[in-house]
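Over in Swiss-Prot, the protein carries these features:
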{"type": "DOMAIN", "residues": "30-219", "note": "domain 'RNase H type-2'"}
{"type": "BINDING", "residues": "ASP36, GLU37, ASP128", "note": "divalent metal cation binding site"}
Amino acid sequence: MSPMQQRELFSSPPIDLLFFEQQALKQGHRVIAGIDEAGRGALCGPVVAAAVILPTGMAIPGVDDSKKLSPRTREQLFDEIMARALSVGIGIGTPQLIDRINILQATRHAMAEAVDILAPRPDMLLIDGISTIDVPLPQKTITKGDSRSLTIAAASIIAKVSRDRMLTELDLLHPGYGFASHKGYGCASHMEAIRRLGPSPVHRLTFRGVREHVTCPSS
């Protein structure tokens, strides 16, 4: 591991990453789950949500918004979070669900699915973004929560690594699109592959950049 990777992995988290967790504890909550998603803006594959419950007061060094971390560091922290969390839930919104009910509702569905898996049952949810979810639990939405809350940041890492692994598997099932490299986002090589090959069974057919290449069957 290089010195830069060591600093990235083992630097102490800012004190304010526990602010929202401490606030919830002062309000009487005892089991706090952080929730985040990965893949909302991609052109293919599922949107993946994760819900994470950490032991009260635990700070895992290096945990931060997954987008700020290198792939190797995310993988290392994924293993650390999975080993130390009280519970982790993962929910999925498939491309078909996204096309049927839209990406926002599919994301909310995946988040609710992730929460339903958790044991013990949380009594407070900290959710990245501005949308609550359909579960009968107290909830607080936090804009840019993946860089402001430790438990949300942990969930962002679980969601991101889980989805990246799924896209690597989809790359083997649907070769030619480069899913393993761009993870389904709309880079130039991906757009060219869609133009050349047409959408795959795991593309989001209602998304701009994909829908233009959907061909209707002849009647």
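Just so it is clear, glycine is given a Cβ too, placed from its N, Cα and C backbone atoms.
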So how many other Cβ atoms are close to ASP36 (divalent metal cation binding site), meaning within 10 Å of its Cβ?
31
Cβ contacts of ASP128 (divalent metal cation binding site) (under 8 Å, same chain, 6 or more positions away):
GLY34, ILE35, ASP36, GLU37, THR141, ILE142, LYS144, GLY145, ASP146, SER149, ILE152, ALA155, SER156
Any further residue of that chain within 8 Å (Cβ to the Cβ centroid of ASP36, GLU37, ASP128) of the recorded divalent metal cation site:
ILE35, ALA38, ALA49, ALA50, MET111, ILE127, GLY129, GLY145, ASP146, ILE152, ALA155, SER156, ALA159
Just how many other Cβ atoms lie inside 10 Å of the Cβ on GLU37 (divalent metal cation binding site)?
27
